[in-house]
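**Student:** Starting off with a structure, shown below.
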């Protein structure tokens, strides 16, 4: 076995030549995850365009099923949460206080998730992705059932905290997605994630709005006293049952994606490290040899490189502004017209949120890949983030139209504009997921990198709902800027997010600098 070292500006590649003539590239601890590899014989020649690797469809489908559980469960409460809070003794009949407590309940899941998601991701680096994913699903099921059975404010608080503490799935899922793909097919795979999130964002509010208060809406089926005492248990039961189906599917069909764990299993069955190096796929060979040399994932301090930090900061601002808008919309729809809202019921709110989710998913399917191919990842991301400011400024305009002319065609037309802008905004997620994945120093640190990004994003998502809904109530209560100060604050923060977005590099870290020039040559 011979070892050759090839140093370059951005990475260090080690070429291990096995006796049978098989070259395996081991990525050094400081190598960007998406960096291209080269052998000694071709290091000085122009690299060839790689053919896209087929996606492992079943495994990708299961990861997407895991992902859809979070928006289905978390957003199913949006249509009725404000109505639920208004029935609690804690607000004492004062509708101006609804925003304070509704936002707090919406934020608690992300606040507690932020405390544990990084730890869950690092645990998944050691014991594998699958056990952590299964535990997260169990926690989601238990918390949704307890939420539906809660009749006091503090019982609602405990159930949301339970869900966040036991659920580290979102960061682990992104790690699994990164391990199941490579640079040739990663854009296709990551384009599916915002689509699935949008589908969950459509299904969740639809279930929550349609199944709330079943004793009033479907008395022939749900006329028992139980459904009158627990009017919001049915949507919680439905989402918990859906999550249980995903849990069983994951147990039966999902295969461990952590390369380190897969490598160890293959070594145990092959009986020879040389046979494993030859027969394993490229990804398993890379991580298997690296694991032998290193033995541990990188420490957290080593992960805090500039690519990771700037990618995570952009993800945080995106998550904050998005969750702020998502929490503000149902409150805005629920509040009386005199208090700056539209005075809509839970069913109508559920339908609107469902249209938002479905339309966003369809937009991602039709336009995400064409946009990235035409403008690049960075320009698409910047364009998407630029929609936040006009979105927030449309809310006071809708409110003024409703006050003067009622909730008619003018309000619905403006709402259509808001939803269209949000469809484009959601394309930012696919872009930033690619930046975060590409920024990881190596594959062994992918779980920790995604865990770090999800931890900080969860902090932002914890602050967003509480801040936006509380600012709404504060603006109304003290008549600041006519009750519209919340939108001015969020529009100002949106401008700051745009300034941060343009700091991203034009190319993903580790992309081959020759790819574009060779593509142009082939087109000629």
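Using the three backbone atoms N, Cα and C, a Cβ is placed for every residue, glycine included.
The annotation domain 'Major facilitator superfamily (MFS) profile' is assigned in TrEMBL to 59-509. TrEMBL lists 98-120, 132-149, 189-212, 232-254, 303-328, 348-369, 381-405, 411-438, 484-502 with the feature transmembrane segment.
Looking at the shown structure, can you explain where the listed features end up?
**Tutor:** This prediction places the mean pLDDT of the domain 'Major facilitator superfamily (MFS) profile' (59-509) at 84.
Away from its own ends, the transmembrane segment (98-120) comes close to residues 74, 77-78, 81-82, 85-86, 88, 90-91, 132, 136, 153, 156-157, 160-172, 323, 327, 331, 334-335, 448, 451-452, 454-456, 458-470, 472-473, 476 of its chain (Cβ-Cβ under 8 Å, at least six residues beyond either end).
Sequence-distant contacts of the transmembrane segment (132-149) (same chain, six or more residues past either end, CB-CB distance under 8 Å): 66, 69-70, 73, 77, 120-121, 123-124, 155-156, 158-160, 162-163, 165-169, 172-173, 176, 230, 232-237, 239-240, 243-244, 246-247, 250-251, 254.
Proximity of distant same-chain residues to the transmembrane segment (189-212), defined by a Cβ-Cβ separation under 8 Å and at least 6 residues beyond the stretch ends, is recorded for 55, 60, 64, 67-80, 83, 174, 177, 180-181, 231-232, 234-235, 238-239, 326, 346-361, 363-365, 368-369, 372, 426-427, 429-430, 433-434, 437.
If one looks beyond the transmembrane segment (232-254) by at least 6 residues along the same chain, the residues whose Cβ comes under 8 Å of a Cβ in the stretch are 58-59, 62-63, 65-66, 68-69, 72-73, 76-77, 80, 84, 130, 133-134, 137-138, 140-141, 144-145, 147-149, 204, 207-208, 210-214, 222, 226.
Outside the transmembrane segment (303-328), and at least 6 residues removed from its termini, the chain residues within Cβ reach (under 8 Å) are 32, 75, 78, 102-103, 106, 110, 201, 381, 385, 388, 391-392, 395, 422, 425-426, 428-429, 432, 435-436, 438-441, 445, 448-449, 452-453, 456-457, 459-461, 463-465, 467-469, 472, 486, 490, 493-494, 496-497, 500-501, 503-504, 509.
Same-chain neighbours of the transmembrane segment (348-369): 71, 75, 78-79, 187-188, 191, 194-196, 198-210, 212, 329-330, 333-334, 380, 415, 419-420, 422-424, 426-427, 430, counting only residues six or more beyond its ends whose CB sits under 8 Å from a CB of the stretch.
Beyond its flanks by at least six residues, the transmembrane segment (381-405) meets 314, 317-318, 321, 325, 328, 332, 337-338, 340-342, 371, 375, 411, 414-415, 417-418, 421-422, 424-428, 431-432, 435, 482, 484, 487, 490-491, 494-495, 497-498, 501-502, 504 of its own chain at Cβ-Cβ distances under 8 Å.
Sequence-distant contacts of the transmembrane segment (484-502) (same chain, at least 6 residues past either end, Cβ-Cβ under 8 Å): 313-314, 317-318, 320-321, 324-325, 328, 340, 381-382, 385-386, 388-389, 392-393, 395-396, 399, 468, 471-472, 474-475.
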